[in-house]
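Step one of this worksheet: look at the structure below.
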Amino acid sequence: MGYIKDLGEIYLAKNYKRFPVAFVKGKGSRLYDEEGNEYLDFCAGIAVCALGHAHPEVSKAICEQAQKLIHVSNLYWTEPQAKLAQILCEHSFADRVFFANSGAEVVEAALKLARRYAWKNFGPEKHEIIALENSFHGRTFGALSATGQPVYWEGFKPLVPGFRHVLPNDIKALEEAISEKTCAIIFEPIIGEGGVIPLSDEFIKAARELADKYNALLIFDEIQTGIGRTGKLFAYEWTGVTPDVMCLAKGLAGGMPLGALLATEEVMAALEPGTHASTFGGNPVSCAAALVVLNKILEEGFLEEVVLKGKALRQKLLNLADNYGDLVAEVRGQGLMQAMELKVSATPVGEYLFYEKRILITVIKDRVLRFTPPLIIAYREIDALGEALDEALAKIASE
Ligand SMILES: Cc1ncc(COP(=O)(O)O)c(C=O)c1O
């Protein structure tokens, strides 16, 4: 490991804990470092690279668009942006889309939309936002204030006022927190960074009913669960509940930076000209990549395969949980967003997979192994992960 890491160590901010590897190329579910070593990717850029690395059609669309037009701002129309909005609306509850560049930016836009919608229709008193403890919505001040993990707040207070947090899946707590002052409830249908914790259908249904009763908006943060990750295009489709507002980013443009805020006509009407904006949001190159991603995911059979591969991965994890009952606490998740919670720190397992097997996964909340491979992962690659994980757990069990 040489030059790239050395240069980064000198000049980059030290806000990330990075593995000692610099990647120079990728193909499908594989990544390659400077020395040509191959890594199997069950991280996918933190649930981003939906079609894997360097997907030929994504790369082609990016190159072709970049040769025609890279940026004009939102003072003008562009075809990729308009077409992408059309596809997103035609395949969801939404009527209109606002584009940004990242997850946090989209959450920020959702929170601003909720406040403005309430302000316009019900007055300034209606401004409180209910979010969940243990949630993660991003690092900007609004998104950070919605995020229900005090560890991320440390040193950054005062946060944005008006946020209340309740325990996930606690309907009574939600009933107690909501009032005429509430303008929105925001949650991830499966809590991602907080440990891959699915919300119960009852809780989601109760949230919908309470939001309706109190004229509050229901916002689904599908930044991690959306774009096919759970085996449906959007995770809300599993729940029988339709949100008013949805946040997308991560997988949307297959690795290009892009976020999208989706809402109904009535709700999005609160964002009149000049109320919110982004210079880069929905730039033509990212949108061209997203068009390829969505068209692929919507091809017949694609999402069914995600469901089947998710089941195969889950079965591997469940078998290991049976074999290592002393080590494994729980297996959770849906589709290709799966996790195994250990009774001990998961870091040694993550390190074993990285250093001994060249397999990338993410360890979250100290004890949770999270698997979010590209949606095009192959069954034999799932087998390879299972075997490597077996070795890692056997090693820890023997220590
Ligand atoms: C559910 C959820 N919301 C928001 C974000 C923030 O996205 P970004 O890092 O693109 O700002 C994340 C990132 O992990 C996320 O998982």
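Any Cβ shown, glycine's included, is placed from N, Cα and C.
Annotated features in TrEMBL:
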type    : residues                                                       : note
BINDING : GLY103, ALA104, PHE136, ASP221, GLU222, ILE223, GLN224, THR279 : pyridoxal 5'-phosphate binding site
BINDING : ARG139, SER278                                                 : N(2)-acetyl-L-ornithine binding site
MOD_RES : LYS250                                                         : N6-(pyridoxal phosphate)lysine
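Close to GLY103 (pyridoxal 5'-phosphate binding site) in the fold, though at least 6 residues off in sequence, lie HIS137, GLY138, ALA143, ILE223, CYS247, ALA249, LYS250, GLY259, each with a CB less than 8 Å from its CB. Counting other Cβ atoms within 10 Å of each Cβ, the binding-site residues ALA104, ILE223 show the lowest value at ALA104. Cα of THR279 (pyridoxal 5'-phosphate binding site) to Cα of ARG139 (N(2)-acetyl-L-ornithine binding site): a span of 19 Å.
When Cα-Cα distances from ARG139 (N(2)-acetyl-L-ornithine binding site) are compared across the binding-site residues ALA104, ASP221, GLN224, the shortest belongs to ALA104.
By the rule that a residue counts when its Cβ sits under 6 Å from some atom of ligand 1, the binding-site residues ALA104, GLN224, THR279 yield ALA104, GLN224.
If you draw a 10 Å sphere around the CB of PHE136 (pyridoxal 5'-phosphate binding site), it holds 25 other CB atoms from the protein chains shown. ALA104 (pyridoxal 5'-phosphate binding site) falls within a helical segment according to DSSP. Under 8 Å, Cβ to Cβ, and six or more positions away along its own chain, SER278 (N(2)-acetyl-L-ornithine binding site) finds ASN74, PHE99, ALA100, ASN101, GLU105. Under a cutoff of 8 A between CB atoms, and with a sequence separation of 6+ in the same chain, the neighbours of ASP221 (pyridoxal 5'-phosphate binding site) are VAL107, ALA110, SER135, HIS137, ILE186, PHE187, GLU188, MET246, CYS247. Most buried of the recorded positions ARG139, LYS250, judged by other Cβ atoms within 10 Å, is LYS250.
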